[in-house]
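Here's the structure, in structure tokens; my notes come after.
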């Protein structure tokens with residue numbers, strides 16, 4: 001699972017050699033550790049209009065070192081480009097070009113975050129707003145040394161300092177978003193609130209994680225626990241030994257359960273409520289692959305993947321939506337996949353199931369809204385797991401480097417995104433798919 | 001100043017749940033696992049299921065029948081290696097195959113008396129990793145050697161060694177006082193009660209079918225945690241048939257005058273495994289938001305004089321059960337589930353035959369006639385040792401956790417909480433039996449008030 005190449009080109013002789021030969025140099029990413037500052041160095045807030053002022057004020061209130069004008073040669077932790085008042089494509093030029101020279105001063109692991117609005121309004125306004133999409137994605141590809149660029153897109157009537165706008169801004173600026181690059185989070189409402197303790201955003205919550213015995217699921221369980229949640233770790237009975245290890249490591253409980261059982265949803269609710277008194281978060285992570293070219297696909301490969309990866313989620317969600325125990329600002333987060341967006345040879349069944357997850361998330365969002373709830377998906381790209389470690393060497397090397405950060409993500413990177421979406425500050429974000437892929441070059 | 005002493009009332013001891021690792025035939029998946037490894041794994045699965053990490057449990061009691069001398073503190077060492085609080089005390093117990101059940105009864109009694117609020121009972125055995133001792137001759141030489149002070153003394157002692165002293169002393173299931181193996185002893189009893197080969201094979205077949213069906217229904221999903229790649233008991237043969245069982249050659253009782261009927265199919269194989277049961281007071285279970293599956297009502301031990309051939313080696317439960325039921329004002333007809341440990345199919349069938357025998361009832365049990373008949377549809381309904389295997393000290397925990405879950409699912413029977421009977425025979429002519437009841441708040445058949 002270790003990325004030997006990345007280690008080699010980041011130290012001593014290997015680093016010099018890679019530089020001279022122009023080889024890719026994947027950086028050590030700035031990843032979140034509890035207690036660390038939100039971001040290292042000052043944050044430059046650019047953009048005209050009241051939105052920029054209000055965001056700058058919010059960052060100041062978090063104790064950040066905020067700049068409204070660049071100080072030459074000063075290393076910057078991040079740049080926030082507030083573009084919420086664009087009316088025509090011409091409006092982009094001034095703020096964008098004004099911020100441009102500061103990119104040179106962005107520290108390794110720095111952050112660029114745009115704040116703009118959902119395309120709409122007059123054709124000119126829509127053009128300007130949609131322009132931010134192309135701008136940001138291209139800019140993200142120009143950043144180096146583990147720096148990332150991401151955007152927040154506000155619905156028409158949502159303030160730039162709405163709880164979820166600020167929540168998303170915190171997420172993007174922090175080390176929690178290390179492997180999220182070139183992505184947008186849309187904030188559709190003023191729901192949600194920022195946590196009292198940024199290091200324990202899930203304090204007091206009970207979260208269920210399926211497929212928690214290993215890999216990404218185990219990382220999710222550990223991350224939710226680190227962020228304050230009590231975790232119910234679910235996996236098939238056959239994975240019970242690894243599951244017990246995970247549960248015992250995070251003071252949670254292990255529930256050995258086949259999620260394709262008809263009563264799986266009810267059993268999850270019963271366990272959480274009887275043993276922990278409540279149920280706030282369900283993370284649908286359990287998934288399987290049964291790869292085969294479609295021409296050679298058989299019923300069992302197709303059927304089992306659809307059943308585990310999407311049909312089971314639908315059934316469990318039905319039970320959750322019907323339960324009186326899942327009505328206090330509940331959160332559902334599903335693990336999708338970039339395969340479901342861009343497609344992947346040999347994975348028609350898997351990609352269909354993961355595409356299904358994204359469709360399901362979008363359609364379930366309005367059903368949860370009445371309880372202040374939200375549902376979102378996270379689509380991981382190439383993540384270093386036991387599963388991807390089995391990919392043949394050359395294929396794996398290519399898959400790893402094929403993104404703006406030139407490396408695979410870690411299970412914890414996916415978990416960070418899920419933990420963010422599981423928290424109170426994500427209340428205004430629903431029906432969205434957030435990619436954790438280092439800006440994979442394939443797909444959207 | 002007078003101190004308020006706790007009132008000496010008896011309270012309920014409830015079974016919260018259990019956990020075991022799949023049982024493995026000796027020489028299989030757990031060949032390289034020690035008793036301590038397996039018991040720790042069983043504990044960690046239990047801890048994960050019930051969220052007991054860093055919890056100080058009142059007491060943990062477990063044991064092993066085949067035990068290394070280095071494992072003098074086996075259970076405590078397993079606790080220290082587990083996710084429980086290291087401040088959890090533990091002790092080892094050993095009563096041959098009744099070890100596991102006896103840990104349940106002893107701890108349940110402590111809970112009933114208010115000495116403990118929570119406890120974990122258990123047992124483990126490995127026939128794969130069995131201790132092998134040096135011969136008596138070598139042992140004496142080594143001990144004398146350690147006491148010798150001079151070189152000539154040492155040489156003199158070493159000179160006493162003979163080649164035969166170097167042969168190790170492997171453990172066996174032979175009874176020290178008769179030299180007969182357990183199987184040979186049972187063969188005598190099986191023949192005495194005229195138990196047919198077909199009846200034994202049928203019982204074995206039912207055990208496999210019942211256990212396989214229970215696995216398929218997900219019954220063990222919250223009773224078992226996989227270990228070392230095993231997710232089911234490796235002895236289980238879901239596809240076994242009367243024909244396959246009938247084709248096996250007898251292995252015990254071949255020197256008896258009568259036909260030999262006991263085969264590898266209707267006898268339990270040597271097995272490795274571990275089991276645990278979480279016991280608690282009602283208050284402790286409630287305070288921890290944990291389920292209360294069943295109440296441990298009562299237990300009884302018995303022993304028989306097998307040395308002089310008065311009774312069969314494994315027939316002690318035949319005497320223990322009537323005493324237990326009489327004390328609780330119950331008969332066999334009141335029992336909803338029977339869990340009679342299948343050391344051998346012949347053991348179970350000889351036990352049932354003795355209870356159905358008028359003469360035996362009158363002359364040996366002191367009753368007016370036969371003790372009674374066990375409804376076979378209530379016997380070992382989720383399989384027993386013939387299918388699951390029998391890691392000696394782990395069997396009691398397996399049975400108690402299984403039965404507690406069955407009783408909980410049954411709930412009430414005929415307007416009162418469902419009742420279950422456990423019967424385990426053991427080496428040395430011993431037997432331990434226990435009575436459990438589906439948990440219900442309030443008074444129960446077994447409540448004793450002072």
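Just so it is clear, glycine is given a Cβ too, placed from its N, Cα and C backbone atoms.
TrEMBL annotations:
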- B:14-283: domain 'Thiolase N-terminal' (DOMAIN)
- B:97: active site, acyl-thioester intermediate (ACT_SITE)
- B:310-437: domain 'Thiolase C-terminal' (DOMAIN)
- B:390: active site, proton acceptor (ACT_SITE)
- B:425: active site, proton acceptor (ACT_SITE)
Quiz item: Can you tell which of the active-site residues (B:390, B:425) has the fewest other C-beta atoms within 10 angstroms of its C-beta?
Solution: B:390
Quiz item: For the domain 'Thiolase C-terminal' (B:310-437), what's the model's average pLDDT?
Solution: 96
Quiz item: DSSP three-state call for residue B:425 (active site, proton acceptor): helix, strand or coil?
Solution: strand
Quiz item: In the domain 'Thiolase C-terminal' (B:310-437), how many residues does DSSP put in helix, strand and coil?
Solution: 59 helix, 27 strand, 42 coil
Self-check item: the residue listed as 'active site, acyl-thioester intermediate' - helix vs strand vs coil (DSSP)
Solution: strand
